[in-house]
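The following features are taken from TrEMBL:
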type	residues	note
TRANSMEM	40-58	transmembrane segment
TRANSMEM	79-98	transmembrane segment
TRANSMEM	110-137	transmembrane segment
TRANSMEM	149-167	transmembrane segment
TRANSMEM	179-202	transmembrane segment
TRANSMEM	235-261	transmembrane segment
TRANSMEM	267-286	transmembrane segment
TRANSMEM	298-316	transmembrane segment
TRANSMEM	322-345	transmembrane segment
TRANSMEM	366-388	transmembrane segment
TRANSMEM	408-431	transmembrane segment
Amino acid sequence: MSDNTLSLKEKIGYSLGDAASHIVFDNVMLYLMFFYTDIAGLPAAFVGTMFLVTRILDAISDPCMGLLADRTRSRWGKFRPWILWAAIPFGISCYFTYTVPDLSLGGKMVYATVTYIVLTLLYTIVNIPYCALGAVITNDPQQRISMQSWRFVLATAGGMLSTALMMKMVEWIGGDDKAYGFQMSIAILAVLAIVMFFICFATTKERVVAPPTSDGFKGMLSDLKDIWQNSQWRVVGYLTVFAIIGTSVRGGAMMYYVTWIMESPKLFSLFLTTYCVGNIIGSAIAKPLTGHFCKVKVFISCNVALTLLSFCMFFAPMDTVTLMFCLIFIIGVLHQVMTPIKWVMMADTVDYGEACNGKRLTGISFAGTLFVLKMGLAVGGAVIGWMLAAGGYQAGATSQSAATLTTITLLFTVAPGICYLLCAVTAKAFYKLDSEAMVRVNATLKSRA
């Protein structure tokens, strides 16, 4: 086995790191808005604003973490140590985020803000090095696609099982006390995530060695300037913002959509599972598809199809539950076909930057991308809270107004569709690192070795 050919053990081990994140963070994306409004009793407008402010603060920390990771020197490498060090604190923060303290409304608002800030910062500390790790395990394009496909198969499966089982666990553990049910359910998932992070650390190896990185404040400023001058990194940043806004808005609106539009709250777990099964299939077929077609063309085609399906869902009759399940399944497949591709595109921009200026800025490049990802999350979370408030959503009510129902439908269908359309147009117009371009980039890097 050549040094660039990864073993199945390492691919699975690396993938478990993202599965660990998804096991807990998917529940944050899907349930935390509902938990804050309907369980903790916080106003929807406050939660939306808190999401925006907190995620902006968290996003600002991303470049700092990337710069720090690039300058880390240890016997375990640059990025693996952070996965080891941050795993347990991250798990503990999940538990406290899903805790409802016995405080006044103002006290609960302060508590929610503090714990959510801590959670997102710890997620940054573990996730940025994890994402950067994928670019230094191997520099072989096909091995990267294979590894990322495994990553998203296991990550999606972990997220699917945890989110599908979450409400069942809440009912089983908490009974009528849903606050306790949420708290203990996330605690169980957090322990499992910690174990998986440890396995990821133990089974991976950093092989791609970067040129020495300059220390000091001036060196950090130089790195930031260099990644901003990388035109293809900027394009992937735009794609990331558009994609995550669409994903977070649809994910955050899903429970409201199933409950109030489909009028089938008991089908939520099955509806979510259907979407996640589609995700798993999409992740699995990403590698075969990119083996036959250029990954950039596959990415653009998926976004065009997702745009059309999202708008079709808006006009589809709401009383046809079977049709809704079919549409969300297809959307799940197509969305997850392009997700591994996008992460490989991120790694390709690192290679492209090194070919252009001789500096391999893995950590800060992925940190910068995650910075814009979190900005997109901030906008997406705020949009949900603000639009629900503007539409007159009443938590705990037995019915909602026509304006509220229209708002929920727009959030779940049209808003993501617009984001997918922006992705397709941007990638078609500005992203240049197709298969032929990457052959030239890798040849340039090989000639310097």
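In case you wondered, yes, glycine gets a Cβ from its N, Cα and C as well.
Taking pairs at least six residues apart, the transmembrane segment (267-286) and the transmembrane segment (110-137) share fewer than three Cβ pairs below 8 Å and do not count as touching.
Within its own chain, the transmembrane segment (179-202) is flanked in space by residues 13-14, 16-17, 19-21, 23-24, 27, 31, 35, 39-40, 76, 80, 83-84, 87-88, 90-92, 94-95, 97-100, 126, 130, 158, 162, 166, 169-173, which lie at least six positions past its ends and keep a Cβ under 8 Å from the stretch.
Just going by CB pairs under 8 A, the stretch in 40-58, 79-98, 408-431 that sits most against the transmembrane segment (298-316) is 408-431. Below 8 angstroms of C-beta separation, residues 6, 10, 14, 17-18, 21, 25, 28, 32, 36, 40, 42, 47, 50-51, 54-55, 57-58, 61-62, 65-66, 69, 77-83, 85-87, 89-90, 93-94, 96-97, 99, 101, 103, 144, 147-148, 151, 197, 200, 204-210, 343, 346-347, 350, 362-363, 365-367, 369-370, 374 of the same chain, each at least six residues beyond the ends of the transmembrane segment (110-137), sit close to that stretch. Residues of the same chain lying 6 or more positions beyond the ends of the transmembrane segment (235-261) and with a Cβ under 8 Å from any Cβ of it are 29-31, 33-34, 267-268, 271-272, 275, 318, 335, 338, 342, 345-346, 349, 368-369, 372-373, 375-377, 379-381, 383-384, 388, 393, 400, 404-405, 408-409, 411-412, 415-420, 422-423, 426-427, 430-431.
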